[in-house]
Structure formats: C-alpha cells, structure tokens
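J.: Okay, here's the structure, questions in a sec.
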Amino acid sequence: MRRPIIAGNWKMHKTPSEAVKLVEELIPLVKDAKAEVVVIPPFVDLTEVARVIKGTNILLGAQNMFWEEKGAYTGEISPVMLKEIGVTYVVIGHSERRQYFKETDEMVNKKVLSALSHDLKPIVCVGESLSQREEGKTYDVVLTQTREALKGVSEEDITKVVIAYEPVWAIGTGKNATPQDANEVIKAIRNTIAELYGKDKAEMVRIQYGGSVKPDNISGFMAESDIDGALVGGASLVAEDFAKIVNY
C-alpha cells in the first residue's frame, strides 16, 4: 500500500517568525495523521522550521533547488545546503517556476537527478495549461513532462520520486479538476511509469493531485484509486485548514 503524502507549499508567504507560529499551531493538530505530512516554506524559513518540527511527524520540504553543489550561481540554493539543514523533499518543476522563471523539461530533469544523488526526494510537478486542455493535449503534455523529468532515473531511485499532477488552470484559481478527471490523468502517469520501470515499481510511486485543494474537497480526491495525496497551496497557510486536509 502506498502511504498518502500531504504537502503544504507555502510559496512566497510567511516570514521566519510567522513560519514558526504556523508550524507550532500545526504540530498538535496533525500528530496522529496517517498520511505523511510535509511543509514547504520559503528558503529563509527552513532553518527555523526545521528546529521547531524536530522530533515531530512533520517533514521538511524546499520549493526549488539548483542542480550544482556549489559555484557562481547567484541567487541559487544547492542540494548540499538543503540536506544539511534537514530537508527531506524538494519541489521541482512547479508550474510557477516553469512559467515565471522559464524552467524547461531539461532543467527539471537535471534537478531531479541532482536531488536523488544527494538523498533528497523530488516532488516533480507536471500539468497542462487551460489552452492545452481545451486543445485536447492534456495527456500529451503531462506524459511528455513525466518522461522528460524521469530521464536517467534508476529503477532503484524511481520509488523515491513523488509526482504531483497540477493542472495549471486549477492553481490558485478556485477551479479544480473533478476527482474522476484527476484520477484518469494520474492513472495515465502511472501507466507511463510502468512502461519505463515495470508495473511493480509504478505501483509503488506516489502521485499527488494539486490545484485548489481545500478541506471541503480533499476527501473526494483521496477516495480515488490512484490519487496518493495532495500538494496544497493557499489552504496550507492556515494551520486548521491544512490539518483538516491532512486528517481527511
């Protein structure tokens, strides 16, 4: 059985002091969670959040990383830095990174391979835009992104990768895919992983849904056979709301 994973991507929200307050409120609310719980604050909050969640069931994630260990890459953060402060997961290829910072499938793949080589678990985001959806290209776009992201990932490492299906048109818009629609796309992602790594490995890979996930719609998504959790945005900024999602 795949253990569900609920991750809260805070995006560019919460100063270090606000971050501490949020996780302190969250800890008692999720202590009995059956799902794996991950918080993903901005870089400047990571050290403080790591300190507060130490010894709890909450794991730490980062929102991005560069693929080199060190060097003249102004403004970037390396996997070595993340590992040292206690990061377990790293989000790679979020649609906002692809859109605003022009991340390509090739860059996403470099980051995935680098994360795995430094014992970080990638949460790889894939998803189609509204125009791509309307043109009937959902599967083409999402499965291509999946294949490109996983190039060179070993059979041994594939089960450490989490995929997050985030339809771009559903992020922060209040619109969301129906649980059935999301499940169909996620099933296709799993079938693609099976083509690359075999059915047994594909059955072990966790695939999340992301895109306007809230306390009142989480149970519908989690009832679907192939959805293994959620990558939560705005609702993860309020402890009570995120806890309701975690404890669906």
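Here the Cβ of each residue, glycine as well, is placed from N, Cα and C on the backbone.
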J.: Of S154, S212, S219, which one shares the substrate site with N9, W10, K11, G172, G233, G234 in Swiss-Prot?
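T.: When Swiss-Prot describes the substrate site, the candidate it includes is S212.
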J.: Work out how many Å separate W10 (substrate binding site) and H94 (active site, electrophile) at their Cα atoms, rounded off.
T.: 12
J.: Specify all same-chain residues, apart from the site residues N9, W10, K11, G172, S212, G233, G234, whose Cβ lies within 8 angstroms of the center of the Cβ atoms of the substrate site, ordered by sequence.
T.: I171, V232, A235, S236, L237
J.: Let me know how many other Cβ atoms fall within 10 Å of the Cβ of S212 (substrate binding site).
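T.: Result for S212 (substrate binding site): 20 neighbouring Cβ atoms inside 10 Å.
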